[in-house]
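What follows is one structure encoded as structure tokens, with my remarks underneath.
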Amino acid sequence: MDLQKFTQQVQQTIADAQNLAIASEHQEIDVAHVFKVLLTESDFAKRVYDVAEVDIDALQKTVEDALTKIPVVSGSGVNYGQAMSQALFQLMRDAEKEQKQLDDDFVSTEHLILAVMDQKSNPITMNLKKQHKSKKQIQEAILKIRGGKKVTSQNAEENYEALTKYGRDLVAEVRSGKLDPVIGRDAEIRNVIRILSRKTKNNPVLIGEPGVGKTAIVEGLAQRIVRKDVPEGLKDKTIISLDIGSLIAGAKYRGEFEERLKAVLQEVKQSDGQILLFIDEIHTIVGAGKTDGAMDAGNMLKPMLARGELHCIGATTLDEYRQYIEKDAALERRFQKVLVPEPTVEDTVSILRGLKERFEIHHGVNIHDNALVAAASLSNRYITDRFLPDKAIDLVDEACATIRVEIDSMPSELDEVTRKVMQLEIEEAALKEEKDPASERRLEILQRELADYKEEANQMKSKWESEKNEISKIREVREQIDHLRHELEEAENNYDLNKAAELRHGKIPAVEKELLELEAENREKTAQEDRILQEEVTENEIAEIVGRWTGIPVTKLVEGEREKLLKLADELHQKVIGQDDAVQLVSDAVLRARAGIKDPKRPIGSFIFLGPTGVGKTELAKALAFNMFDSEDHMIRIDMSEYMEKHSVSRLVGAPPGYVGYEEGGQLTEAVRRNPYSIVLLDEIEKAHPDVFNILLQVLDDGRITDSQGRLIDFKNTVIIMTSNIGSNLLLERTEEGEISPELESDVMQILQSEFKPEFLNRVDDIILFKPLTLADIKGIVEKLVEELQIRLADQEITITISDNAKAFIAEEAYDPVYGARPLKRYIVRHVETPLAREIVSGKIMPHSSVEIDLADKEFTFKVTE
């Protein structure tokens, strides 16, 4: 017996049968061992018996019984599974005869299945006879599966019914109602139909950005085929979606992948144009299965594509088409391009309306129309790195899932009460152990409290469960309507007019009426009482998801946020002292943006802050970040002195291709891409190379910039603040009593215009002049710095108070109009914080003590009280 004459699957089956015999301590490998392996591991054997309508469970039980009857041999020196039984040897001989009769090159699994039918006394054959299955019936099933193919390779079993194994029948999925409806895209579907109707090169390739609905167009074509809404040439055709992944997966030996693909193509060819092959991500066939000297899938397709023997629909993205298919001109010319543009917001809304019912049935929720409109418009405005309708569909899906999870999980109010009950029960158990009168009194009070909480918990639980049941009932009725509509479609397609009439005029209206009654009852209950569960998906839920994805607040303003925004200017005044105009302009820009009336095509605001050092330019940006986001982490600070050389400018948007750091992206663009709602602070802009401002022109005007990777970065939700010391000499010399005269402002602007190009300055919203700080401002800043010191010492539980004399002395001593507030910090560190630190370290100031700082003979005194 030559093992090379057997297919790989038969060889593997015998090896596994031997392992089974060894594990079972059987001396010989028997037919039962082989069939145990075939029925558990061979998909082909199961498929044969399935087509022959054999009860596989009964057959498996027979095999199990036969195995238990084989004697177990134990003892030393016994070799298990080293010999074949007489019956198995005969089975192999008979299998070889079957192979010759069927004119095959190798002995494969089907020959074993046929050969066992010749062993009349074998329990397997007896069981099949009992099921009234003859050898002829089994042979017919095998020939049906083989589809006229011969066993010409050692991988033969892999290649039977290749389309079923490596593809999905989209038309069958439409018939069984598994695919979502396809709305719109009529022009593209008509274009595909036109190309498919050609004599040669009838192979459309759908090209478009990820998420625009390329696969949906093919699904739409499948739905039209089912509805017979296609030209005569396409009626009754089948669309098979080929899964390249499963075609490649498990191809261990050279040539195995090509063999599988050849089997697929052969089946398509044999269908005489009845099968349209859809290859999603068609660029994967270029180079697929290629090893040294081997032919790749793309080259195998070319001859059939050119001759029109293969109707193929491809789908790929623009980038991948350019990268893979355009390089192979011979493959490209065999396809006809169909460009799939991104749908408009209006088209997306109609797509969402078409899918609304499917989402409602799946999630068991109620979707408002304003939620669909919000999903399309908000995703278009805020999620800029993805494409419609995919991103809008994802938004609706996630919003529905959020509501569904809330329905299924315990409401927070009930959860709180349940936890309180548990806590009181633990306390009750502890108090029962105590025997003193006080504990007994406390136990009585606690038991009354516990009874109240338990009653409340039970009421809430029953209310929650009844609401949940109502929602589930509505969901079930919706599913029933969907199922009946699918049945109606099937009946109409099969011209079963009696069934169609019964469904259309009888069953469907009755169930729809039931649904309307349930929904009306539900609405009535909602109006009368407070509901625990929410089943409505509104625009607020969509806005919350957008905020969660992007970090941009797009939900409607809640009361607390309104107050926060209206008080933004006051909050900033407390942190940035003496710069009222600057604070007002910046807070107004944020107010306009949050109210939703800013220009949607530009950043929230762009400002140039001009003024001497230490007057609060950077401090205002920090204060704004803290007030808007409760942390300074949302401030993207870029020191423009790092961009003084021409070659360093590219670091903002990323190194060009071929340079080190190309993959990392730009310092500015990457920061904004990850955090689209932030404050961008460009510090000391006059120190940057002039080319930097050419990059910023697009950002300031259109709120967008393209990075080195070709990605569009959205700056529409950023506040751009640029600081500069230009004109600070004039501001210091000519500011009178803390006011800037119009002449001074004009002179500073002239200096600014000589430094920067007019097209740059013209795009900035406001140029704000910061006044040099007066002595009164400095006193206010002293108060602020002392408060900060008090907060730092509060951690050590030390309180400090500074007398007014000491504060006034600090302000006068540290005041320097040229350097602003920075010397003030240094002065407090040197003359207040350092002596204070020395006292703390020496142990003179202990925790829980208070320190009074006063002035005596121009020296600070520290009086400690416990």
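A Cβ is built for glycine as well, from the same backbone N, Cα and C atoms used for every other residue.
Over in Swiss-Prot, the protein carries these features:
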- 3-148: domain 'Clp R' (DOMAIN)
- 6-70: region 'Repeat 1' (REGION)
- 84-148: region 'Repeat 2' (REGION)
- 161-342: region 'NBD1' (REGION)
- Gly208, Glu209, Pro210, Gly211, Val212, Gly213, Lys214, Thr215: ATP 1 binding site (BINDING)
- 343-551: region 'Linker' (REGION)
- 393-527: coiled coil (COILED)
- 561-772: region 'NBD2' (REGION)
- Gly611, Pro612, Thr613, Gly614, Val615, Gly616, Lys617, Thr618: ATP 2 binding site (BINDING)
- 773-866: region 'C-terminal' (REGION)
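Structural mapping of features recorded in Swiss-Prot.
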| residue | record | DSSP class |
| --- | --- | --- |
| Gly208 | ATP 1 binding site | coil |
| Lys214 | ATP 1 binding site | helix |
| Gly611 | ATP 2 binding site | coil |
| Gly616 | ATP 2 binding site | coil |
Legend entry - For the domain 'Clp R' (3-148), the number of residues DSSP places in helix, strand and coil: 99 helix, 6 strand, 41 coil
Inset, instruction - Give me the Cα-Cα distance between Lys214 (ATP 1 binding site) and Val615 (ATP 2 binding site), rounded to a whole Å. - result: 57
Legend entry - Stretch among 84-148, 161-342, 343-551, 561-772 sharing the most Cβ pairs under 8 Å with the region 'Repeat 1' (6-70): 84-148
Legend entry - Residues close to ATP 1 site centre defined by Gly208, Glu209, Pro210, Gly211, Val212, Gly213, Lys214, Thr215, Cβ within 8 Å: Ala216, Ala315, Thr317, Val340, Glu342, Phe387, Asp390
Legend entry - Neighbours of Gly611, Pro612, Thr613, Gly614, Val615, Gly616, Lys617, Thr618 excl. site residues, C-beta within 8 Å of centre, ATP 2: Phe609, Glu619, Thr723, Phe770, Gly820, Ala821
Inset, instruction - Would you mind reading off the Cα separation of Glu209 (ATP 1 binding site) from Thr618 (ATP 2 binding site), to the nearest angstrom? - result: 41
Inset, instruction - Mind telling me which of the binding-site residues Val212, Val615 has the densest Cβ neighbourhood, counting other Cβ atoms within 10 Å? - result: Val615
Inset, instruction - With Pro612 (ATP 2 binding site) as the reference Cα, tell me which of the binding-site residues Gly208, Pro210, Gly213, Thr215 is the closest one. - result: Pro210
Legend entry - Pro210 (ATP 1 binding site) versus Lys617 (ATP 2 binding site) - Cα distance in angstrom: 43
Inset, instruction - Enumerate same-chain residues with a sequence separation of six or more from Gly208 (ATP 1 binding site) and a Cβ-Cβ distance below 8 A; give 'none' if the list is empty. - result: Lys214, Thr317, Leu318, Leu339, Val340, Pro341, Glu342
Legend entry - Helix, strand and coil residues within the region 'C-terminal' (773-866) as assigned by DSSP: 52 helix, 18 strand, 24 coil
Legend entry - Most Cβ neighbours inside 10 Å, all chains, among the binding-site residues Gly211, Gly614, Gly616: Gly616
